[in-house]
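Report on the following structure.
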Amino acid sequence: MRQCVRVPGGLGVLWALTVCVLVLCVAPAAPHPQCLDFKPPFRPLRELQFCIMYKEFGCCDFEKDQQLRAKYYRIMDNFDYYGYANCAGFVLEMICQECSPFAAHLFDAEDPTTPVRTIPGLCPDYCSQFWNKCRSTIPLLSDDPHIAEVKEDRTRLCRYLELDDADYCYPHLLSDQKLTLNLGRVQSDVDGCLQLCLEEVANGLRNPLAMVHANDGTHRFFVAEQVGLVWTYLPDRSKLEKPFLNITKVVLTSSWEGDERGFLGLTFHPKHKYNRKLYVYYSVEVGFDERIRISEFQVSAHDMNVVDHASERVILEIDEPASNHNGGQLLFADDGYLYIFTGDGGMAGDPFGKYGNAQNKSALLGKVLRIDVDNNSRGPLYRIPPDNPFVQDWGARPEVYAYGVRNMWRCSVDRGDPRTKEGKGRIFCGDVGQNKFEEIDIIEKGRNFGWRAKEGFSCYDKKLCANSSLDDVLPIYAYPHTMGKSVTGGYVYRGCEYPNMNGMYIFGDFMSGRLMSLQEDRNTGTWKYNEVCMGKGMTCAFPGLINNYHQYIISFAEDEAGELYFMSTGVPSATSPSGVVYKVVDPSRRAPPRHCHYDPLPVRVKSNLIKFVPQETLTGLEQPRKAKPQPQPTDSSDWLQELVDRLGLPDGATPPFANHNHQTPPAERQTQKRSNRNGECPRAPEWNVVCRQLGFTRALKAAKNSEFGEGKDLRILLDDVQCDGTESSLLDCQHTGVGTNNCAHYEDAGVICGTSGHIIEV
């Protein structure tokens, strides 16, 4: 995290080897657009008529724009023609800053605990112009008693209206390209990694591997644990104390990390609101055999939040020759049929039979199955859809819809573009690889997805791969095991709240914890890859947002409104309660206020409720707080002055920090700059001592050649310091003494301190 070091007098001293020393403040690492409601800006649905400078993107909708217009005329009605001519522009600009994409910064209200300014933060030159021409408008613009006290003194007023972070003062922020470049778009770092954030939704779960909704208007969501429990959550994220479903006694799993057996999937019937049906996919043991079972249940007629366990009907059972590659996805596609995604039977390389299970259309393993479960109260529990591709192939099972899959883990149906419906009905799947590649597929009727002949785009079984009759469909994307070793399929985002993410397929990797995205080029049909990173610096500094998650990404989900979630855990065991559900958030742009509003249908609750309490926190950043007066310490220790006193300054030199208190808060001492006479990188031991003295545990990264900027207005001192890295203070290191220097500011180096476990980078 980069923050300014605020040392009264403008100078602090750090030392290492032969060092030219300075402290300087660093500009924000990335822009942080934020509105006064502590949320990202948006594009208004209706064009603004008053604050037209923000009609394309900002923090005002048409209703707010009209309120500001009325406020403007109430103020200007107090002035004659001369007053209008001189002050109308100033008043309009200051009133309209509530619509700025950076309104929270302009009004010094980056978090809900701080009072909002009544006048936005002004740059000194603009403030002086305003005061000279229009100070008579101040009582009409603000009821702040302190402003009323200082309004006749230009210097005091403009100092009061300054911002701690001068980068955001008006109007200079309008011309700052660091703030305005790509404003309103998903931000990315220099490597193209998209900067997104998260919101914690549920926690304390044991390997949460599915989250679904009933599509019944209640906006409840149901989270399944691998052990065989399913929990009900209400729209306010409170959890019902009584489980929705409990089949732990029959589900086959264990506490071993990485055990692939257990409760693996569930889905609600598209007409659940009327027939109360749902379907589950789980592992069972029958005698000495392990099987996967697909069962139908009904919700209790007396409690919509509890399954009638006696209603279970086994739709299908398939023998599993090994304990891994069990598949587990169930879903209803737009055609109303139930899709079942099975694994190839396990072990490695699909060794079953001459060509393996996946290429054998007479086996149900390694397949995408499609069945009709409607109107099954009497007669067979399921029927074969008449247009299934192999119903006329006597050597194939009629349930087979597609084949040649290894172990598809998590599939989803694309809702389609909210406006054009483009992409609607596509089924995306992540297929876990063997030794080299993971892949993302779009399911096509009757097609061969290649396994075990191919893995990703490459050949796995060279003999099968060379077979001219293979006729396989290639994945839309595949990645090597240097990036991850177990893909977790995701969803195409089609929600309302974050328009920039529309059409973005977001998925992950269970082993590496990597989040990834694909975006289709409509002209070429190809897919562009971008990694997804958690927002750095201030990017996720919004109330309730976090920028970290547990490594093992188990599954993805969407709620009834189409918003995107994923589940991960810190310990991949069916008995470890370290699982968390996260909502994916784009901090760069949101939908206009009230545009995504919905009213959930009421839910009659017969169980006790467990209120949701977030456990995760934003890392790498201390939330901004208003400075509060602090009592003066009775016994202060100025280590900087003490160090210079010990070393001695050259004759005639005056400490540039004389008569100042250098006891800045540790949270403000996170970035320090220095340069090395010979242009060499300082060694880690000295940097670690520097960070330890500032209240942090270690140095995270060192930089050189003024990467953080040049402190041209700051004085340079020179010393030769030797530390072994164990010292608690620079006072304990060996010093040569302060002397003359021939250093230049373009050589400035610096360090980022922190408390994480990362080692120092130079």
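Positions of Cβ are set from backbone N, Cα and C atoms, glycine also.
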### Query
Looking only at Cys723, Cys743, which is named in TrEMBL as the disulfide mate of Cys733?
Cys723
## Note on the structure
A correct count of other C-beta atoms within 10 Å of the C-beta of Cys733 (disulfide bond) gives 20
### Mean predicted confidence [pLDDT] for the domain 'SRCR' (688-754)
70
### Query
Among all the protein chains here, how many other CB atoms are within 10 A of the CB of Cys723 (disulfide bond)?
22
